[in-house]
Amino acid sequence: MLKVIARRIDQFINSQSAGGVLLALSALVALVISNSPWRSYYQQFLQIPGSVKMGADWLLLSKPMLIWINDLWMAVFFFLVGLEIKRELLNGELASLKQAMLPAVAALGGMAVPALIYAAINWGEPVGLRGWGIPMATDIAFALGLLVLLGSRVPTSLKVFLTAVAIIDDLGAILVIAFFYTDNLSPTMLLAAGLGALVLLGLNRARVMAVGPYVVVGLVIWVCVLKSGIHATLAGVITALAIPLADGKGGSPLERAEHALQPWVAFLVLPVFAFANAGVSLQGVTLATLTQTVPLGIAFGLLIGKPIGVFGASWLLIRLTDAQLPDQCRWSQFFGVCVLCGVGFTMSLFIGSLAFEGADAAYEVQVKIGVLLGSLLSGAAGVALLLASRKAV
């Protein structure tokens, strides 16, 4: 059983690390184009209109390319996140209280402290305060990609720990989006989405093992959630949680769906999201821009808040209970991984797009600068600390 779990984690890590490289390249290309003579073409691409219409007025969705990517494209990513969360809770590193305690407490600390640091820096700025959820997230693709590049210098137990923390972070981000970044709720559409969720539950109880029916109902829920005022990507999570873990014959519909979807998310969905959202013009960016409260709060939250929260909460748990460090891991290595948790990128950019939706365009630039700066510094510092801890043996 342990060998199966270890092999599954290795496969997951390998796909995430390769996807992380492509994710970084996509963000870099977007950044370069946004600061080149071709930046107008980049903006035109993001504003390409797309419409879906069914019936007379029953369904009419008309959005630019950027919104389609953030609303529909990312729902696929959240579907995969939902599958990962369910698997880990039922049959993975989070399946038992003893296994889950350290990464769960670490993740909670890693979400709370960055949010508090951001809020403290932006206190007295009503619009700026809306971004408190931005530095809470960890980008599992980027962070694991950096760990894998270090090879045997980092024990496998730390990679498993980082995976678990990032998954719990994703769960926290989902709850933050659901409860804090929603407005203009439509009771009718919420009721329709709720009925759709009941249909999913019925499919699960009826032991329907084919994933197709769940996806069809999930698309209907996506439309209802989109029109309800809650962010539509949450439909992906709702759908994923209904997929059965086991079929009673030794197979797992959930794991089959997860393994089939992972390469598409790693090599297509997330790189496209990064390309569409990481482009920011640095023209006119000065030291004064970098010291605005929003980018400062994000960068400090990721670079300082994340390691303090993850490491501090873990240290307290280990000192006060019988919890232990991951196997074959030293405190110096553990701290290096805690710093890597500050690589926020994908989810941070996504929450930023929700937090300042409808606000002045300057906030969008500030969010991207803060996320890029905080994630880059966290990645560099984490790798340096892990290399130094290896040499100190």
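Just so you know, the numbers here start at 1 and follow the chain as drawn.
Note: Cβ is positioned from N, Cα and C throughout, glycine not excepted.
Residues 139, 141-146, 265-267, 270-272, 274-283, 345-346, 372 of the same chain, all 6+ positions outside the transmembrane segment (18-38), place their C-beta atoms under 8 angstroms from a C-beta of that stretch. Annotated transmembrane segment per Swiss-Prot: 18-38 (among others), in sequence order, evidence recorded as sequence analysis.
Marked as transmembrane segment by Swiss-Prot: 65-85 (among others).
The transmembrane segment annotation in Swiss-Prot covers 101-121 (among others).
Under the heading transmembrane segment, Swiss-Prot lists 131-151 (among others), citing sequence analysis as support.
Residues annotated as transmembrane segment in Swiss-Prot, with sequence analysis given as evidence: 160-180 (among others). Proximity of distant same-chain residues to the transmembrane segment (160-180), defined by a Cβ-Cβ separation under 8 Å and at least 6 residues beyond the stretch ends, is recorded for 9, 12-13, 78, 81, 84-85, 88, 93-94, 100, 102-104, 106-108, 110-111, 133, 136-140, 143-144, 147, 230-231, 233-234, 237, 310, 326, 329, 337, 340-341, 347, 351, 354.
Sequence annotations record features per position, and here Swiss-Prot assigns transmembrane segment to 184-204 (among others) based on sequence analysis. Within the same chain, residues 213-214, 217-218, 220-221, 224-225, 227-230, 235, 238-239, 242-244 sit at least 6 positions outside the transmembrane segment (184-204) and bring their C-beta atoms closer than 8 Å to a C-beta of that stretch.
If you look at the transmembrane segment (210-230), the same-chain residues 6 or more away from its ends with a CB under 8 A from one of its CBs are 59, 61, 71-72, 75, 79, 178, 182-186, 189-190, 192-193, 196-197, 199-200, 203, 236, 238-239, 242-243, 253, 256-257. Swiss-Prot lists 210-230 (among others) with the feature transmembrane segment.
According to Swiss-Prot, the transmembrane segment annotation covers 260-280 (among others). Long-range contacts of the transmembrane segment (260-280) within the same chain, counting only residues at least 6 positions beyond its ends with a Cβ under 8 Å from a Cβ of the stretch, are 12, 15-16, 18-19, 22-23, 25-27, 29-31, 33-34, 39, 42, 46, 65-66, 69-70, 73-74, 76-77, 79-80, 83, 141, 345-346, 349-350, 353, 364-365, 368-369, 372.
Residues or ranges marked as transmembrane segment in Swiss-Prot (evidence: sequence analysis): 298-318 (among others). A Cβ distance under 8 Å defines the sequence-distant neighbours of the transmembrane segment (298-318), meaning residues of its chain 6+ beyond its ends; these are 101-102, 105-118, 121, 131, 134-136, 138, 165, 324-325, 334-335, 338-339, 341-344, 348, 352, 367, 370-371, 373-375, 377-378, 381.
Annotation comment: Swiss-Prot describes 334-354 (among others) as transmembrane segment. Cβ atoms under 8 Å from those of the transmembrane segment (334-354) belong to residues 23, 27, 70, 74, 77, 106, 110, 114, 131, 133-139, 141-143, 146-147, 154, 158, 161-162, 165-166, 169-170, 173, 176-177, 181, 231, 270, 273-274, 277-278, 298, 302-303, 305-307, 310-311, 314, 325-326, 364, 367-368, 371-372, 374-375, 377-379, 381-383, 385-386, 389 of the same chain, restricted to positions at least 6 beyond its ends.
Same-chain neighbours of the transmembrane segment (369-389): 27, 31, 134-135, 139, 142-143, 146-147, 149-150, 153-154, 278, 280, 285, 289-290, 294-303, 306-307, 330, 332-333, 335-337, 339-345, 348-349, 352, counting only residues six or more beyond its ends whose CB sits under 8 Å from a CB of the stretch. Here Swiss-Prot flags 369-389 (among others) as transmembrane segment.
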